[in-house]
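Asks: This is the feature table in TrEMBL:
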| type | residues | note |
| --- | --- | --- |
| DOMAIN | 33-279 | domain 'G-protein coupled receptors family 1 profile' |
| TRANSMEM | 20-39 | transmembrane segment |
| TRANSMEM | 51-70 | transmembrane segment |
| TRANSMEM | 90-112 | transmembrane segment |
| TRANSMEM | 132-154 | transmembrane segment |
| TRANSMEM | 197-217 | transmembrane segment |
| TRANSMEM | 229-250 | transmembrane segment |
| TRANSMEM | 262-281 | transmembrane segment |
């Protein structure tokens, strides 16, 4: 078996065309919005703190994660028969897991950064040194890569000889396992444990860190509480948007109900677009840096 057929999100051609019109601008907004954050953080001298360093990498991961699934999904909305090679399917699965776990670990790193900034403000710059920031980002990428390798070692040896129809709109491990010519119960348990443990461990750290942060804010002034809560609210919102749908999909027995596909649309298509909006709308420094950067480009354009 070298080629797979993807059933897609909906079967009705009219509904698919409507989805194309809706999701293409969403993907473009994802790339442009996150790309703008990456450029702004890289260029702006006012965004040199560790928080923005991590935000830049999070936005970069959002672009790559979304791009592993969404472009193929959008183009498939215009075709009657949706096909993908087995190698292309495996590549889509592995890279989506790689970037997905990298994003989870980056969210944990950002929670730790907020914990140090709010609970140990006098030692913040000493603790969050440039070397540690680079190490934490490299560790996030390494964690995603290790997860990626485990999935490869589990999936590559499996024999696939038909049927060749994946009941989803993109390639994922559980739908692919159903096409294997052997019982994949053990492989399914290993994948669930691998992904589940990472998710549970990360979510536990995230929840614990934000509980400690909120607890420590009791003794702060009203202004100090407002500023800290404003920053944390953005992080907490992104964490809920990312983990909520992922837990719904991966922390229970697999199925291919339409509701599962719609939830998957949320975390593969919608959430990556929302992240730059959440971070920029609630952060005056980022908005100011973007306006300043845009103003410079306009001025230089007028000068030429």
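The backbone N, Cα and C atoms fix where each Cβ goes, glycine too.
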Asks: Which of 20-39, 51-70, 197-217, 262-281 shares the most C-beta pairs under 8 angstroms with the transmembrane segment (229-250)?
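Replies: Most contacts with the transmembrane segment (229-250): 262-281.
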Asks: Which listed range (51-70, 90-112, 132-154, 197-217) shows the maximal number of Cβ pairs under 8 Å with respect to the transmembrane segment (262-281)?
Replies: 51-70
Asks: At a threshold of under 8 Å on Cβ distances, which of 51-70, 90-112, 132-154 pairs most often with the transmembrane segment (197-217)?
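Replies: Between the stretches 51-70, 90-112, 132-154, 90-112 has the largest tally.
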Asks: On the 0 to 100 scale, where does the mean pLDDT of the domain 'G-protein coupled receptors family 1 profile' (33-279) fall?
Replies: 87
Asks: Are there residues at least six beyond either end of the transmembrane segment (132-154) with Cβ under 8 Å to its Cβ atoms? List them, or say none.
Replies: 50, 53-54, 57, 93-95, 97-103, 105-106, 108-109, 112, 173, 187, 190-191, 194-195, 198
